[in-house]
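Asks: Take this structure first; my questions come after.
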Protein chains: 2
Amino acid sequence: MKDISKATIDRLPLYLRALRMSQDEGLDVISSEELGRRLEITPEQIRKDLASFGQFGKKGVGYYVNELKHSISNILGLDNHWNIAIIGIGHLGSALANYHNFISLGFNLVALFDHDSSIVGKTVNHVKVTDIDVLEQTIKDLNIHIGIITVPGQFAQEVANRLVKSKIKGIWNFAPIRMKVPDDMHIVNEDLSIGLSCLSYHITRKPR
Amino acid sequence: MKDISKATIDRLPLYLRALRMSQDEGLDVISSEELGRRLEITPEQIRKDLASFGQFGKKGVGYYVNELKHSISNILGLDNHWNIAIIGIGHLGSALANYHNFISLGFNLVALFDHDSSIVGKTVNHVKVTDIDVLEQTIKDLNIHIGIITVPGQFAQEVANRLVKSKIKGIWNFAPIRMKVPDDMHIVNEDLSIGLSCLSYHITRKPR
DNA sequence: TAGATTGTTAATCGATTAACAATC
DNA sequence: TAGATTGTTAATCGATTAACAATC
(Lines of atoms letter the chains of each structure in order from A and count residues from 1; the text may use other names and numbers.)
(Lines give C-alpha, C1' and ligand atoms only; values in the text may rest on other atoms or scores of the structure.)
Protein backbone atom coordinates (compact mmCIF):
# COMPACT_ATOMS: atom_id res chain seq x y z
CA MET A 1 0.00 0.00 0.00
CA LYS A 2 1.27 3.45 -0.88
CA ASP A 3 1.68 6.07 1.79
CA ILE A 4 -1.69 7.44 2.77
CA SER A 5 -1.96 11.17 3.27
CA LYS A 6 -2.77 12.54 6.69
CA ALA A 7 -5.67 14.46 5.19
CA THR A 8 -7.18 11.22 3.90
CA ILE A 9 -7.00 9.55 7.31
CA ASP A 10 -8.58 12.58 8.92
CA ARG A 11 -11.56 12.22 6.59
CA LEU A 12 -12.18 8.53 7.23
CA PRO A 13 -13.95 9.13 10.56
CA LEU A 14 -16.25 11.57 8.78
CA TYR A 15 -17.10 8.98 6.15
CA LEU A 16 -17.77 6.43 8.86
CA ARG A 17 -20.13 8.74 10.69
CA ALA A 18 -22.02 9.71 7.55
CA LEU A 19 -22.40 6.05 6.64
CA ARG A 20 -23.88 5.28 10.04
CA MET A 21 -26.33 8.10 9.68
CA SER A 22 -27.23 6.92 6.19
CA GLN A 23 -27.79 3.42 7.49
CA ASP A 24 -30.01 4.73 10.26
CA GLU A 25 -32.04 6.43 7.56
CA GLY A 26 -32.47 3.06 5.85
CA LEU A 27 -30.10 3.55 2.94
CA ASP A 28 -28.48 0.39 1.56
CA VAL A 29 -26.40 1.97 -1.19
CA ILE A 30 -24.81 5.40 -1.39
CA SER A 31 -22.88 7.17 -4.16
CA SER A 32 -19.80 9.27 -3.65
CA GLU A 33 -21.94 12.13 -4.95
CA GLU A 34 -24.49 11.79 -2.15
CA LEU A 35 -21.87 11.15 0.52
CA GLY A 36 -20.07 14.26 -0.68
CA ARG A 37 -23.20 16.34 -0.47
CA ARG A 38 -23.71 15.33 3.15
CA LEU A 39 -20.15 16.07 4.18
CA GLU A 40 -19.38 18.95 1.85
CA ILE A 41 -16.48 17.04 0.37
CA THR A 42 -16.13 16.56 -3.40
CA PRO A 43 -17.09 13.10 -4.69
CA GLU A 44 -13.72 12.83 -6.44
CA GLN A 45 -11.97 13.34 -3.13
CA ILE A 46 -14.02 10.63 -1.48
CA ARG A 47 -13.41 8.13 -4.29
CA LYS A 48 -9.70 8.89 -4.24
CA ASP A 49 -9.49 8.48 -0.47
CA LEU A 50 -11.32 5.17 -0.48
CA ALA A 51 -9.41 3.88 -3.50
CA SER A 52 -6.16 4.18 -1.60
CA PHE A 53 -7.30 1.31 0.61
CA GLY A 54 -8.91 -0.92 -2.02
CA GLN A 55 -11.96 -1.21 -4.22
CA PHE A 56 -15.04 -0.83 -2.12
CA GLY A 57 -17.61 0.37 -4.62
CA LYS A 58 -19.53 -1.06 -7.55
CA LYS A 59 -19.28 0.86 -10.79
CA GLY A 60 -22.59 2.24 -11.93
CA VAL A 61 -24.08 1.52 -8.50
CA GLY A 62 -22.21 3.12 -5.64
CA TYR A 63 -21.07 1.83 -2.26
CA TYR A 64 -22.94 -0.66 -0.09
CA VAL A 65 -23.42 1.29 3.10
CA ASN A 66 -23.04 -1.55 5.58
CA GLU A 67 -20.07 -3.07 3.80
CA LEU A 68 -18.19 0.22 3.49
CA LYS A 69 -18.96 1.07 7.10
CA HIS A 70 -17.31 -2.12 8.25
CA SER A 71 -14.38 -1.66 5.89
CA ILE A 72 -13.64 1.83 7.22
CA SER A 73 -14.05 0.65 10.82
CA ASN A 74 -11.51 -2.00 10.08
CA ILE A 75 -9.11 0.38 8.35
CA LEU A 76 -9.25 2.73 11.33
CA GLY A 77 -8.50 -0.19 13.63
CA LEU A 78 -11.70 0.33 15.58
CA ASP A 79 -12.26 -3.44 15.51
CA ASN A 80 -9.49 -3.70 18.07
CA HIS A 81 -11.75 -2.24 20.74
CA TRP A 82 -8.89 -0.46 22.42
CA ASN A 83 -8.93 -0.01 26.17
CA ILE A 84 -8.67 3.65 27.07
CA ALA A 85 -7.94 5.54 30.28
CA ILE A 86 -8.30 9.20 31.16
CA ILE A 87 -5.66 10.84 33.30
CA GLY A 88 -6.85 14.00 35.06
CA ILE A 89 -10.50 13.97 36.09
CA GLY A 90 -11.18 17.69 36.16
CA HIS A 91 -13.93 19.32 34.13
CA LEU A 92 -12.62 18.20 30.76
CA GLY A 93 -11.64 14.71 31.88
CA SER A 94 -15.08 14.16 33.37
CA ALA A 95 -16.75 15.44 30.22
CA LEU A 96 -14.74 13.01 28.08
CA ALA A 97 -15.53 10.17 30.49
CA ASN A 98 -19.16 10.86 29.73
CA TYR A 99 -18.73 11.23 25.98
CA HIS A 100 -20.78 8.44 24.44
CA ASN A 101 -19.41 8.78 20.94
CA PHE A 102 -16.18 7.08 22.00
CA ILE A 103 -18.08 4.07 23.25
CA SER A 104 -20.13 3.89 20.07
CA LEU A 105 -16.89 3.91 18.07
CA GLY A 106 -15.80 0.80 19.91
CA PHE A 107 -13.47 2.12 22.57
CA ASN A 108 -13.67 0.75 26.13
CA LEU A 109 -13.25 3.22 28.94
CA VAL A 110 -11.57 1.08 31.58
CA ALA A 111 -9.87 3.50 33.98
CA LEU A 112 -9.79 7.05 35.27
CA PHE A 113 -6.86 8.51 37.18
CA ASP A 114 -6.42 11.55 39.35
CA HIS A 115 -4.00 12.87 41.90
CA ASP A 116 -6.54 14.64 44.10
CA SER A 117 -7.63 12.52 47.06
CA SER A 118 -11.02 14.21 47.09
CA ILE A 119 -11.67 12.82 43.60
CA VAL A 120 -10.04 9.40 43.91
CA GLY A 121 -12.62 6.76 44.73
CA LYS A 122 -15.51 8.63 43.16
CA THR A 123 -17.35 7.15 40.22
CA VAL A 124 -17.72 8.89 36.86
CA ASN A 125 -19.91 7.22 34.26
CA HIS A 126 -19.68 3.89 36.13
CA VAL A 127 -15.88 3.96 36.30
CA LYS A 128 -14.09 4.46 39.60
CA VAL A 129 -11.30 7.05 39.81
CA THR A 130 -7.96 5.44 40.68
CA ASP A 131 -5.04 7.14 42.40
CA ILE A 132 -2.43 8.19 39.87
CA ASP A 133 0.20 6.67 42.17
CA VAL A 134 -0.66 3.25 40.76
CA LEU A 135 -0.80 4.40 37.13
CA GLU A 136 1.88 2.09 35.78
CA GLN A 137 0.63 -1.03 37.53
CA THR A 138 -3.01 -0.40 36.57
CA ILE A 139 -2.09 0.13 32.93
CA LYS A 140 -0.49 -3.30 32.91
CA ASP A 141 -3.22 -5.00 34.92
CA LEU A 142 -6.07 -3.65 32.82
CA ASN A 143 -4.17 -3.84 29.52
CA ILE A 144 -4.74 -0.18 28.71
CA HIS A 145 -3.80 0.78 25.15
CA ILE A 146 -4.52 4.48 24.95
CA GLY A 147 -4.02 7.22 27.54
CA ILE A 148 -5.97 10.46 27.35
CA ILE A 149 -4.15 13.31 29.07
CA THR A 150 -6.41 15.98 30.56
CA VAL A 151 -4.19 17.15 33.41
CA PRO A 152 -3.07 20.80 33.67
CA GLY A 153 -0.22 21.74 31.35
CA GLN A 154 2.51 21.77 33.97
CA PHE A 155 1.92 18.09 34.84
CA ALA A 156 1.35 16.77 31.33
CA GLN A 157 4.95 15.96 30.43
CA GLU A 158 5.44 13.90 33.56
CA VAL A 159 2.25 11.95 32.91
CA ALA A 160 3.38 11.37 29.33
CA ASN A 161 6.74 10.06 30.55
CA ARG A 162 5.02 7.58 32.83
CA LEU A 163 2.69 6.45 30.06
CA VAL A 164 5.64 5.91 27.75
CA LYS A 165 7.41 3.83 30.40
CA SER A 166 4.23 1.80 30.86
CA LYS A 167 4.40 0.75 27.22
CA ILE A 168 1.13 2.34 26.27
CA LYS A 169 0.38 2.31 22.53
CA GLY A 170 -0.82 5.85 22.05
CA ILE A 171 -1.50 9.17 23.74
CA TRP A 172 -4.30 11.61 23.09
CA ASN A 173 -3.20 14.90 24.60
CA PHE A 174 -5.47 17.78 25.61
CA ALA A 175 -2.85 19.70 27.58
CA PRO A 176 -1.75 22.84 25.74
CA ILE A 177 1.89 21.85 25.37
CA ARG A 178 3.99 19.98 22.81
CA MET A 179 5.31 17.04 24.74
CA LYS A 180 8.58 15.28 24.14
CA VAL A 181 7.99 11.61 23.51
CA PRO A 182 10.04 8.93 21.74
CA ASP A 183 9.76 8.98 17.95
CA ASP A 184 7.91 5.71 17.84
CA MET A 185 5.21 6.84 20.28
CA HIS A 186 1.93 7.73 18.63
CA ILE A 187 0.55 10.96 19.95
CA VAL A 188 -2.31 13.16 18.80
CA ASN A 189 -2.58 16.67 20.18
CA GLU A 190 -6.07 18.02 20.60
CA ASP A 191 -5.60 21.71 20.92
CA LEU A 192 -8.85 23.36 21.90
CA SER A 193 -7.69 26.95 21.79
CA ILE A 194 -6.54 26.72 18.17
CA GLY A 195 -10.07 26.41 16.82
CA LEU A 196 -11.39 29.40 18.72
CA SER A 197 -8.38 31.55 17.80
CA CYS A 198 -8.79 30.69 14.11
CA LEU A 199 -12.44 31.63 14.32
CA SER A 200 -11.40 34.96 15.81
CA TYR A 201 -9.01 35.45 12.90
CA HIS A 202 -11.71 34.85 10.32
CA ILE A 203 -14.39 37.04 11.82
CA THR A 204 -11.84 39.82 12.19
CA ARG A 205 -10.70 39.66 8.58
CA LYS A 206 -13.94 38.97 6.82
CA PRO A 207 -16.81 40.28 8.92
CA ARG A 208 -20.23 39.27 7.64
CA MET B 1 -1.85 40.93 1.43
CA LYS B 2 -1.72 37.65 -0.42
CA ASP B 3 -3.98 34.80 0.54
CA ILE B 4 -2.77 33.18 3.74
CA SER B 5 -2.86 29.41 3.88
CA LYS B 6 -5.11 27.69 6.37
CA ALA B 7 -2.12 25.77 7.71
CA THR B 8 -0.35 29.04 8.49
CA ILE B 9 -3.31 30.39 10.45
CA ASP B 10 -3.57 27.15 12.40
CA ARG B 11 0.03 27.57 13.52
CA LEU B 12 -0.30 31.17 14.74
CA PRO B 13 -1.95 30.17 18.04
CA LEU B 14 0.95 27.79 18.66
CA TYR B 15 3.45 30.58 18.08
CA LEU B 16 1.52 32.82 20.41
CA ARG B 17 1.50 30.25 23.18
CA ALA B 18 5.19 29.48 22.82
CA LEU B 19 5.98 33.18 22.95
CA ARG B 20 4.02 33.55 26.17
CA MET B 21 5.89 30.67 27.71
CA SER B 22 9.20 32.13 26.55
CA GLN B 23 8.29 35.44 28.07
CA ASP B 24 7.39 33.78 31.35
CA GLU B 25 10.83 32.26 31.30
CA GLY B 26 12.30 35.72 30.98
CA LEU B 27 13.34 35.64 27.33
CA ASP B 28 13.37 38.99 25.52
CA VAL B 29 14.46 37.77 22.11
CA ILE B 30 13.88 34.45 20.36
CA SER B 31 15.11 33.05 17.05
CA SER B 32 13.01 31.05 14.63
CA GLU B 33 15.45 28.24 15.36
CA GLU B 34 14.64 28.19 19.08
CA LEU B 35 10.92 28.70 18.53
CA GLY B 36 11.00 25.82 16.10
CA ARG B 37 12.74 23.56 18.57
CA ARG B 38 10.02 24.20 21.15
CA LEU B 39 7.16 23.56 18.76
CA GLU B 40 8.76 20.93 16.54
CA ILE B 41 8.19 23.12 13.52
CA THR B 42 11.01 23.98 11.12
CA PRO B 43 12.48 27.49 11.46
CA GLU B 44 11.95 28.06 7.74
CA GLN B 45 8.26 27.34 8.18
CA ILE B 46 7.98 29.79 11.05
CA ARG B 47 9.79 32.56 9.18
CA LYS B 48 7.62 31.98 6.12
CA ASP B 49 4.43 32.06 8.15
CA LEU B 50 5.34 35.28 9.93
CA ALA B 51 6.62 36.92 6.77
CA SER B 52 3.21 36.60 5.17
CA PHE B 53 1.94 39.20 7.64
CA GLY B 54 4.89 41.59 7.65
CA GLN B 55 8.42 41.94 8.89
CA PHE B 56 8.53 41.20 12.60
CA GLY B 57 12.12 40.13 13.12
CA LYS B 58 15.55 41.73 13.13
CA LYS B 59 18.13 40.13 10.89
CA GLY B 60 21.02 38.67 12.82
CA VAL B 61 19.06 39.02 16.06
CA GLY B 62 15.72 37.23 16.02
CA TYR B 63 12.27 38.28 17.16
CA TYR B 64 11.48 40.46 20.17
CA VAL B 65 9.23 38.20 22.22
CA ASN B 66 6.85 40.81 23.58
CA GLU B 67 6.52 42.62 20.28
CA LEU B 68 5.84 39.48 18.28
CA LYS B 69 3.39 38.25 20.90
CA HIS B 70 1.35 41.42 20.50
CA SER B 71 1.57 41.30 16.72
CA ILE B 72 0.23 37.76 16.56
CA SER B 73 -2.51 38.55 19.06
CA ASN B 74 -3.50 41.39 16.81
CA ILE B 75 -3.37 39.31 13.64
CA LEU B 76 -5.60 36.68 15.23
CA GLY B 77 -8.04 39.41 16.21
CA LEU B 78 -7.77 38.56 19.89
CA ASP B 79 -7.57 42.28 20.67
CA ASN B 80 -11.26 42.43 19.87
CA HIS B 81 -12.07 40.62 23.11
CA TRP B 82 -15.00 38.83 21.55
CA ASN B 83 -18.01 38.03 23.70
CA ILE B 84 -18.73 34.34 23.65
CA ALA B 85 -21.67 32.18 24.72
CA ILE B 86 -22.00 28.46 25.18
CA ILE B 87 -25.19 26.73 24.11
CA GLY B 88 -25.78 23.38 25.77
CA ILE B 89 -24.53 23.14 29.34
CA GLY B 90 -23.99 19.40 29.59
CA HIS B 91 -20.69 17.83 30.55
CA LEU B 92 -18.75 19.31 27.64
CA GLY B 93 -20.39 22.73 27.80
CA SER B 94 -19.65 22.98 31.52
CA ALA B 95 -16.06 21.92 30.96
CA LEU B 96 -15.60 24.62 28.31
CA ALA B 97 -17.24 27.19 30.59
CA ASN B 98 -14.48 26.41 33.08
CA TYR B 99 -11.66 26.42 30.54
CA HIS B 100 -9.35 29.24 31.60
CA ASN B 101 -7.28 29.27 28.43
CA PHE B 102 -10.09 31.03 26.59
CA ILE B 103 -10.14 33.82 29.13
CA SER B 104 -6.37 34.17 28.97
CA LEU B 105 -6.64 34.48 25.18
CA GLY B 106 -8.91 37.47 25.67
CA PHE B 107 -12.38 36.02 25.16
CA ASN B 108 -15.21 37.06 27.47
CA LEU B 109 -17.63 34.37 28.49
CA VAL B 110 -20.85 36.31 28.82
CA ALA B 111 -23.67 33.77 28.59
CA LEU B 112 -24.59 30.12 28.94
CA PHE B 113 -27.78 28.63 27.51
CA ASP B 114 -29.65 25.44 28.12
CA HIS B 115 -33.07 24.00 27.47
CA ASP B 116 -33.30 21.91 30.64
CA SER B 117 -35.21 23.70 33.42
CA SER B 118 -33.17 21.85 36.04
CA ILE B 119 -30.02 23.52 34.70
CA VAL B 120 -31.38 26.99 33.86
CA GLY B 121 -30.67 29.43 36.68
CA LYS B 122 -27.65 27.56 37.98
CA THR B 123 -24.26 29.20 37.92
CA VAL B 124 -21.23 27.76 36.14
CA ASN B 125 -17.94 29.57 36.61
CA HIS B 126 -19.76 32.71 37.79
CA VAL B 127 -22.07 32.82 34.78
CA LYS B 128 -25.78 32.09 35.17
CA VAL B 129 -27.42 29.63 32.77
CA THR B 130 -30.13 31.31 30.69
CA ASP B 131 -33.14 29.60 29.15
CA ILE B 132 -32.53 28.93 25.48
CA ASP B 133 -36.01 30.35 24.77
CA VAL B 134 -34.53 33.84 25.00
CA LEU B 135 -31.42 33.01 22.94
CA GLU B 136 -31.99 35.59 20.19
CA GLN B 137 -32.83 38.46 22.51
CA THR B 138 -29.94 37.74 24.87
CA ILE B 139 -27.47 37.61 21.99
CA LYS B 140 -28.55 41.09 20.98
CA ASP B 141 -28.68 42.45 24.53
CA LEU B 142 -25.25 41.18 25.50
CA ASN B 143 -23.67 41.76 22.08
CA ILE B 144 -22.53 38.17 21.76
CA HIS B 145 -20.11 37.60 18.86
CA ILE B 146 -19.35 33.89 19.00
CA GLY B 147 -21.62 30.95 19.81
CA ILE B 148 -20.18 27.65 20.99
CA ILE B 149 -22.50 24.76 20.22
CA THR B 150 -22.29 21.86 22.67
CA VAL B 151 -25.83 20.54 22.38
CA PRO B 152 -26.52 16.94 21.29
CA GLY B 153 -26.20 16.35 17.53
CA GLN B 154 -29.93 16.23 16.82
CA PHE B 155 -30.47 19.76 18.13
CA ALA B 156 -27.34 21.38 16.71
CA GLN B 157 -28.73 22.43 13.34
CA GLU B 158 -31.67 24.22 14.91
CA VAL B 159 -29.39 26.06 17.33
CA ALA B 160 -27.16 27.03 14.41
CA ASN B 161 -30.15 28.37 12.50
CA ARG B 162 -31.13 30.52 15.44
CA LEU B 163 -27.57 31.80 15.85
CA VAL B 164 -27.44 32.70 12.17
CA LYS B 165 -30.70 34.61 12.44
CA SER B 166 -29.35 36.44 15.50
CA LYS B 167 -26.53 37.84 13.37
CA ILE B 168 -23.80 36.18 15.35
CA LYS B 169 -20.31 36.53 13.82
CA GLY B 170 -19.05 32.99 14.19
CA ILE B 171 -19.88 29.49 15.40
CA TRP B 172 -17.61 26.99 17.08
CA ASN B 173 -19.34 23.65 16.76
CA PHE B 174 -18.70 20.57 18.91
CA ALA B 175 -21.74 18.61 17.71
CA PRO B 176 -20.72 15.71 15.49
CA ILE B 177 -22.56 16.90 12.41
CA ARG B 178 -21.79 19.11 9.42
CA MET B 179 -24.23 21.90 9.68
CA LYS B 180 -25.74 23.86 6.85
CA VAL B 181 -25.06 27.55 7.30
CA PRO B 182 -24.92 30.49 4.87
CA ASP B 183 -21.68 30.76 2.92
CA ASP B 184 -20.67 33.95 4.68
CA MET B 185 -21.04 32.47 8.18
CA HIS B 186 -17.76 31.58 9.82
CA ILE B 187 -17.90 28.16 11.40
CA VAL B 188 -15.20 25.95 12.86
CA ASN B 189 -15.99 22.32 13.55
CA GLU B 190 -14.25 20.76 16.51
CA ASP B 191 -14.62 17.10 15.95
CA LEU B 192 -13.46 15.22 19.02
CA SER B 193 -13.87 11.71 17.69
CA ILE B 194 -11.59 12.31 14.71
CA GLY B 195 -8.47 12.57 16.84
CA LEU B 196 -9.12 9.38 18.71
CA SER B 197 -9.98 7.46 15.54
CA CYS B 198 -6.80 8.64 13.83
CA LEU B 199 -4.81 7.52 16.85
CA SER B 200 -6.44 4.10 16.55
CA TYR B 201 -5.45 4.00 12.89
CA HIS B 202 -1.82 4.73 13.66
CA ILE B 203 -1.38 2.28 16.51
CA THR B 204 -3.02 -0.39 14.40
CA ARG B 205 -0.75 0.15 11.41
CA LYS B 206 2.54 0.83 13.12
CA PRO B 207 2.55 -0.81 16.52
CA ARG B 208 5.48 0.22 18.69
C1' DT C 1 34.18 43.55 11.08
C1' DA C 2 32.44 38.67 11.50
C1' DG C 3 28.84 35.84 12.87
C1' DA C 4 24.05 35.27 13.14
C1' DT C 5 19.60 35.27 11.53
C1' DT C 6 15.85 37.18 8.91
C1' DG C 7 12.95 37.62 4.64
C1' DT C 8 12.30 36.07 0.04
C1' DT C 9 12.77 33.59 -4.15
C1' DA C 10 13.18 29.09 -6.40
C1' DA C 11 12.68 24.06 -6.15
C1' DT C 12 10.37 20.25 -4.36
C1' DC C 13 6.93 17.79 -2.52
C1' DG C 14 2.17 16.54 -1.55
C1' DA C 15 -2.78 16.97 -2.03
C1' DT C 16 -6.79 18.11 -4.75
C1' DT C 17 -9.31 18.45 -8.97
C1' DA C 18 -10.34 17.16 -13.64
C1' DA C 19 -11.01 13.84 -17.05
C1' DC C 20 -12.25 9.56 -18.68
C1' DA C 21 -11.93 4.55 -19.48
C1' DA C 22 -13.89 0.57 -17.27
C1' DT C 23 -17.91 -1.69 -16.00
C1' DC C 24 -22.05 -2.57 -13.33
C1' DT D 1 -28.63 -1.72 -24.09
C1' DA D 2 -28.17 2.99 -21.98
C1' DG D 3 -27.32 5.50 -17.98
C1' DA D 4 -24.78 5.77 -13.86
C1' DT D 5 -20.88 5.67 -11.15
C1' DT D 6 -16.52 3.88 -9.81
C1' DG D 7 -11.33 3.68 -9.94
C1' DT D 8 -7.30 5.62 -11.92
C1' DT D 9 -4.27 8.50 -14.45
C1' DA D 10 -2.93 13.20 -15.67
C1' DA D 11 -3.09 18.16 -14.65
C1' DT D 12 -3.38 21.67 -11.37
C1' DC D 13 -3.01 23.77 -7.29
C1' DG D 14 -1.08 24.69 -2.74
C1' DA D 15 2.20 24.06 0.96
C1' DT D 16 6.79 23.00 2.56
C1' DT D 17 11.70 22.93 2.14
C1' DA D 18 16.05 24.62 0.44
C1' DA D 19 19.04 28.20 -0.66
C1' DC D 20 20.88 32.54 -0.18
C1' DA D 21 21.12 37.60 -0.43
C1' DA D 22 20.26 41.26 2.79
C1' DT D 23 21.43 43.22 7.01
C1' DC D 24 21.58 43.63 12.01
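Including glycine, each Cβ sits where the backbone N, Cα and C put it.
It should be emphasised that the depicted structure is a prediction, and the values quoted were computed from it without experimental measurement.
Per TrEMBL, the feature DNA-binding region maps to A:14-53. TrEMBL lists A:GLY88, A:ILE89, A:GLY90, A:HIS91, A:LEU92, A:GLY93 with the feature NAD(+) binding site. According to TrEMBL, the domain 'CoA-binding' annotation covers A:77-178.
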Asks: Summarise the DNA-binding region (A:14-53) by DSSP state, stating how many residues are helix, strand and coil.
Replies: 28 helix, 2 strand, 10 coil
Asks: Between 0 and 100, where does the mean pLDDT of the DNA-binding region (A:14-53) sit?
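Replies: Within the DNA-binding region (A:14-53), the model's average pLDDT equals 97.
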Asks: The DNA-binding region (A:14-53): which same-chain residues, six or more beyond its ends, come within Cβ distance under 8 Å?
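Replies: Those are 1-2, 4, 8, 61-66, 68-69, 71-73, 75-76, in sequence order.
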Asks: Check each of A:GLY88, A:ILE89, A:LEU92 (the binding-site residues) against chain B and write down, in sequence order, those whose C-beta lies under 8 A from a C-beta there; write 'none' if there are none.
Replies: A:LEU92
Asks: Treating G and I as helix alongside H, and B as strand alongside E, what does DSSP give for the domain 'CoA-binding' (A:77-178) in helix, strand and coil?
Replies: 39 helix, 27 strand, 36 coil
Asks: Which one, from the binding-site residues A:GLY88, A:GLY90, A:GLY93, has the smallest tally of other C-beta atoms lying within 10 Å of its C-beta?
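Replies: It is A:GLY90 that, of the binding-site residues A:GLY88, A:GLY90, A:GLY93, has the fewest other Cβ atoms within 10 Å.
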Asks: Note down the number of other Cβ atoms within 10 Å of the Cβ of A:ILE89 (NAD(+) binding site), including every protein chain shown.
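Replies: Here the count is 25.
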Asks: Please list residues from the chain of A:LEU92 (NAD(+) binding site) whose Cβ is under 8 angstroms from its Cβ, counting only those at least six apart in sequence.
Replies: A:THR150, A:PHE174
